[in-house]
Amino acid sequence: MEDEEGPECGKPDFVLLDQVTMEDFMRNLQLRFEKGRIYTYIGEVLVSVNPYQELPLYGPEAIARYQGRELYERPPHLYAVANATYKAMKHRSRDTCIVISGESGAGKTEASKHIMQYIAAVTNPSQRAEVERVKDVLLKSTCVLEAFGNARTNRNHNSSRFGKYMDINFDFKGDPIGGHIHSYLLEKSRVLKQHVGERNFHAFYQLLRGSEDKQLHKLHLERNPAVYNFTRQGAGLNMTVHSALDSDEQSHQAVTEAMRVIGFSPEEVESVHRILAAILHLGNIEFVETEEGGLQKEGVAVAEETLVDHVAELTATPRDLVLRSLLARTVASGGRELIEKGHTAAEASYARDACAKVLWGRHREGSPGGLHGEGQARGSRKQGVPISQAVYQRLFEWVVNRINSVMEARGRDPRRDGKDTVIGVLDIYGFEVFPVNSFEQFCINYCNEKLQQLFIRLILKQEQEEYEREGIAWQSVEYFNNAIIVDLVERPHRGILAVLDEACSSAGTITDRIFLQTLDTHHRHHLHYTSRQLCPTDKTMEFGRDFRIKHYAGDVTYSVEGFIDKNRDFLFQDFKRLLYNSTDPTLRAMWPDGQQDITEVTKRPLTAGTLFKNSMVALVENLASKEPFYVRCIKPNEDKVAGKLDENHCRHQVAYLGLLENVRVRRAGFASRQPYSRFLLRYKMTCEYTWPNHLLGSDKAAVSALLEQHGLQGDVAFGHSKLFIRSPRTLVTLEQSRARLIPIIVLLLQKAWRGTLARWRCRRLRAIYTIMRWFRRHKVRAHLAELQRRFQAARQPPLYGRDLVWPLPPAVLQPFQDTCHALFCRWRARQLVKNIPPSDMAQIKAKVAAMGALQGLRQDWGCRRAWARDYLSSATDNPTASSLFAQRLKTLRDKDGFRAVLFSSHIRKVNRFYKIRNRALLLTDRHLYKLDPDRQYRVMRAVPLEAVTGLSVTSGGDQLVVLHARGQDDLVVCLHRSRPPLDNRIGELVGVLAAHCQG
C-alpha cells in the first residue's frame with residue numbers, strides 16, 4: 001500500500017490490529033473516520049462508513065489511480081475492490097460477484113453506483129456502439145429503479161425498499177455485452193401507509209411535482225401531494241437534503257430521460273404515468289353504506305364516483321366493471337356456478353388498497369416496523385391482497401423485466417464469440433431490529449442469516465484453498481456456524497416457514513395465535529428459539545403474540561400478528577381479469593394470469609415466504625458459484641449528519657455484520673500474505689543483499705535473506721509463491737525500517753533524476769545550437785548565391801542594375817545587406833558619373849545639392865531641364881537688355897573681382913509695405929546684388945556672399961524666395977520673365993547656392 005496514509009490515520013487493514021477486540025476495532029474505525037478515511041480492509045473485505053457528505057475520492061483521476069493496480073497498492077477504496085473483481089473476471093476468466101450489505105442508510109446504493117461507474121469507465125476503450133449502449137442502460141437503470149423502488153425513510157433519505165442483484169455479462173475482451181437484474185422483497189405496503197417523517201415511493205412525488213400542467217390535467221391530478229391519501233404523509237418532505245439538484249422536479253426529468261435512453265417507448269412511459277395516477281385516485285376512493293340493493297347488494301357504494309371514472313379512463317377498462325370489482329367479488333361454487341358476493345365497507349377499502357400495492361413489485365413488502373396486523377384491521381383474514389398494492393407490485397416487476405429485455409445479450413454464440421464471464425453486484429438490505437418486528441423483518445433477517453452463512457463458508461474456503469495451494473499446513477478455525485438458525489427457518493415440515501405455509505393452507509379458521517402455538521410445539525427444545533409460553537418469566541414478550549430467535553447478530557423478538565395474511569399474499573381474480581382485459585397493452589402485459597377462467601381449478605399459488613425462500617436459495621447458489629468480494633457498509637449515526645460516529649450504534653452493526661469474526665478468521669493462521677515479488681518490491685531497500693536488485697537464486701531466497709537480517713525468520717512461513725506472516729508486529733517492524741530509509745532514497749532518486757534532466761537539457765541545447773549554426777550558414781550561403789545570381793547583369797549599361805530587386809535577407813544578414821546596398825548605389829553612381837562630360841559636372845553637382853535640400857519638400861524644382869544659370873546675359877531670356885547687363889557685369893567684375901556668375905534673373909521685390917517693384921538678382925561667387933533693370937542695372941544693394949545665412953522657399957509651385965542675411969533685412973523676391981513662361985527656377989537657385997557653399 002502506498003504511503004499516502006501515515007500512522008496517524010490508523011491501520012488500513014483491521015487484520016493488522018495488535019489485539020482483535022471490539023474496543024481496538026472501534027478505536028481504529030473511529031480514528032480513520034475522523035481523518036476522512038471511510039474505507040478499511042479486512043483482508044480482501046472492504047468496510048465502508050457512510051460519510052454523509054461529498055468527499056473528493058471519486059472521479060476520472062481516482063479511477064486512473066486504481067485501474068490495473070493490485071488490491072494493496074493503493075489505500076482502501078471501492079475502486080480497488082471493483083478493479084480486483086474486474087481483473088479476476090478478465091484475466092482468470094472467473095465469474096465474480098460483489099456483495100454489498102449493511103442497514104438502511106449505510107451507503108449501499110451509493111457504493112453500487114460507484115462500482116458501476118468504475119466498470120463503465122475502464123471498459124470499451126475502442127468505443128464500440130453496442131457496448132456503449134449496454135453501459136448506458138446499466139448506468140441509467142439505477143436512476144429508474146431508484147425512482148420506483150426507493151423512498152425517504154426516517155433512517156435514509158434515499159432508502160432502497162427492495163433488494164437488488166445485477167449480473168453483468170462480459171465478452172472475452174472484458175467489455176459489457178448485457179446484464180440481468182433480480183429484485184427481492186419489494187416493500188409494497190409502503191404504497192398504503194408510511195410512518196411519520198417518511199414518504200411513499202419517489203415516483204409518485206416526481207410525477208406530481210415534475211409533470212407539466214397539461215399532463216397533470218390529462219391525468220386528472222393536482223400538483224399538491226397532500227391531496228392524495230397515499231402521498232399526504234410525505235407531502236412536506238423532499239427526496240433528499242443533500243442537494244437541490246435532487247429535487248422531485250429535476251428527478252422526474254432525469255428519470256424520463258433515463259427511460260428514453262434505456263429504450264422505453266413514449267407510449268410505455270405514458271402508460272407508466274397513467275398507472276401511477278390510477279393508484280393515487282384509487283387511494284382517494286371511499287365507501288359508504290347504503291340501504292339500497294341492486295349492484296350494491298351488501299349496502300356499499302362509492303362516495304365519489306368521479307374517481308371511478310378517472311381510474312377506468314387511466315386503466316383503459318370499462319367503468320362499470322371497475323365499480324363492480326371494487327364493490328363485490330365473484331366466486332365459483334363447487335358446481336361451477338358463479339356467485340357474486342358484495343363487500344362490506346371495510347372489505348371494499350381493503351381490496352381497493354391491495355390493487356395499488358401490486359401494480360408495483362412482487363418480492364419485498366414491509367417497511368421498518370411494517371404495517372403490523374394490517375389484514376386484521378382491514379377486514380376478514382381471507383379476503384386477499386389490497387388491489388392498490390397489487391397494481392404497484394406488478395408495475396415494478398414490469399419495469400424490471402423491461403430493463404432486462406433491453407440489457408439481454410444479443411446474438412451471442414459461445415462457439416463463435418467464446419465463453420462469457422459475469423460480474424454480479426448484490427445490493428441487499430442488512431439485519432433489521434425494531435421495537436416491533438413482523439413478517440418483513442423475519443424475511444430480511446433470514447436473508448442475512450443465509451448470506452452470513454455463505455460469507456463465513458466462502459471466506460474459510462478461500463483461506464483453506466490458499467493454504468493448500470501454497471503448501472502451508474491448515475489449522476481448523478473455531479467459528480459460530482449459523483446453519484442451525486437457517487435450519488430453524490427453512491427446514492422442511494418443521495421449519496418456521498413450513499409451519500406458516502401449513503397454517504395458510506389449512507381449512508377452517510387458523511389464527512396467528514394458533515400458528516404461534518404450533519411453533520412452540522415444534523421448537524420447544526431448540527436452543528435458538530423461545531416464546532413467552534416457553535419462558536413465562538420473560539416479560540419482554542407477550543403471551544400469544546411474540547416469539548424470539550437468537551440470530552448470529554443478536555436476539556430479535558417477532559410479533560406473529562399479520563404473519564398469515566402477509567404470507568398468503570393473493571389477489572381476487574376479478575381484479576386480474578379486469579386489468580388483463582384493459583386496452584392498454586402495457587397494463588395488459590402485467591396481468592397474464594388474468595386470462596384464466598374463474599371456473600378453472602388451479603393449484604394453490606406459492607406463498608410469499610416460500611417464494612422468498614426459493615429466491616434466497618437460488619441467490620446463494622448463484623453467489624457460491626462465483627468468486628466473491630465483499631463490501632460491508634456501516635451507518636455512523638441515526639441523525640444522518642457528517643463527521644459524527646455513534647460508537648454504540650456502530651458497535652451493534654460491527655457485531656451483526658460479523659466483522660470481528662471475519663478478522664479472527666483472517667488472522668487464525670497468518671495475518672498477512674504477499675507474493676515474494678511484491679514483498680521484495682516494497683521492502684528490498686531494508687537489506688543490503690536485496691538493494692537495489694538481488695543476485696540470489698530466486699525471490700524466495702532473497703526474501704529469506706532479508707528476514708534473516710531483521711531477525712524475523714521465526715514469525716513467517718514460506719509458501720510456493722507467497723510469504724505468510726503470522727504477527728502484525730513483523731509488518732510494523734518492516735514498515736518502520738522502510739519509513740526511515742524512504743527519505744534517503746527519495747533524495748538519491750531526486751539527485752539522480754535532476755542530474756539526468758540537466759544532462760538531457762544540455763544535450764538538447766547543444767544540438768539546438770549546432771542546428772541553428774548550420775542553418776544560419778546555409779541561409780547565408782543561399783542568400784549570397786542569390787545575390788550573385790541576380791546581380792550578374794548589373795554591369796550592363798545604361799541602367800547598371802537600377803531595376804534589380806534585392807532579395808529579402810535573413811535577419812543576421814540585414815546589416816550586411818544594408819552596407820552592400822549603399823556600396824552598390826555608390827558604384828552605380830560612379831558608373832553613371834564617368835560618362836558625363838566635364839562641362840556638365842558643375843550643373844550635375846548643383847542638381848545633386850538641390851535634390852538633397854528639396855527632395856520630399858517640393859514636388860517640382862526643375863531638375864529635368866538644363867540649367868543656364870546666367871539668364872540676364874541670355875538673348876533668349878533677356879532680348880532687349882542683355883547687352884546693357886553685360887556692360888554692368890563687366891563693371892562689377894572689375895570693381896569686386898568675382899570670378900564667376902552663379903545665377904542671374906529678373907525678379908519682383910516685395911517690401912515691408914507690400915509694394916512690388918521690378919528688379920534683377922545677380923549671384924556671384926563673392927556677392928549677392930540687387931539691380932534696377934530700368935536704370936541700366938544699377939546696383940541697389942550688394943550683400944557679401946558670406947553674410948547670406950540661408951534662403952526659404954514654399955512647397956508649392958510658385959517662384960517665391962526669401963533670402964536671409966546676417967545683420968540685414970531679409971530680401972523677399974519672386975523670380976519672373978522666364979522663357980518659357982512659368983519655368984521653375986527655384987531649384988536652380990537653391991542648387992547653385994548649396995553647391996557653391998558645399999565647395
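Glycine too: its Cβ is placed from the backbone N, Cα and C atoms.
TrEMBL labels come from automatic prediction, so no person has curated them.
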Correct range for region 'Actin-binding' (source TrEMBL, candidates 616-638, 685-707, 754-776, 846-868): 616-638
Long-range environment of the region 'Actin-binding' (616-638) - Cβ separation under 8 angstroms, sequence gap at least 6: 29, 33, 42, 44-52, 78, 81, 84-85, 88, 94-108, 111, 155, 165, 182, 184, 422, 424, 426, 430, 446-447, 450-451, 453-455, 457-458, 490, 644-646, 649-650, 653-654, 657, 659
For the domain 'TH1' (856-999), mean pLDDT (0 to 100): 87
For the domain 'TH1' (856-999), the number of residues DSSP places in helix, strand and coil: 34 helix, 50 strand, 60 coil
Those residues of the chain, 6+ apart, with a Cβ under 8 Å from that of Ala106 (ATP binding site): Ser48, Asn50, Gly430, Cys633, Ile634, Lys635, Gln653
Sparsest-packed of the listed binding-site residues (Lys108, Thr109) - C-beta count within 10 angstroms: Thr109
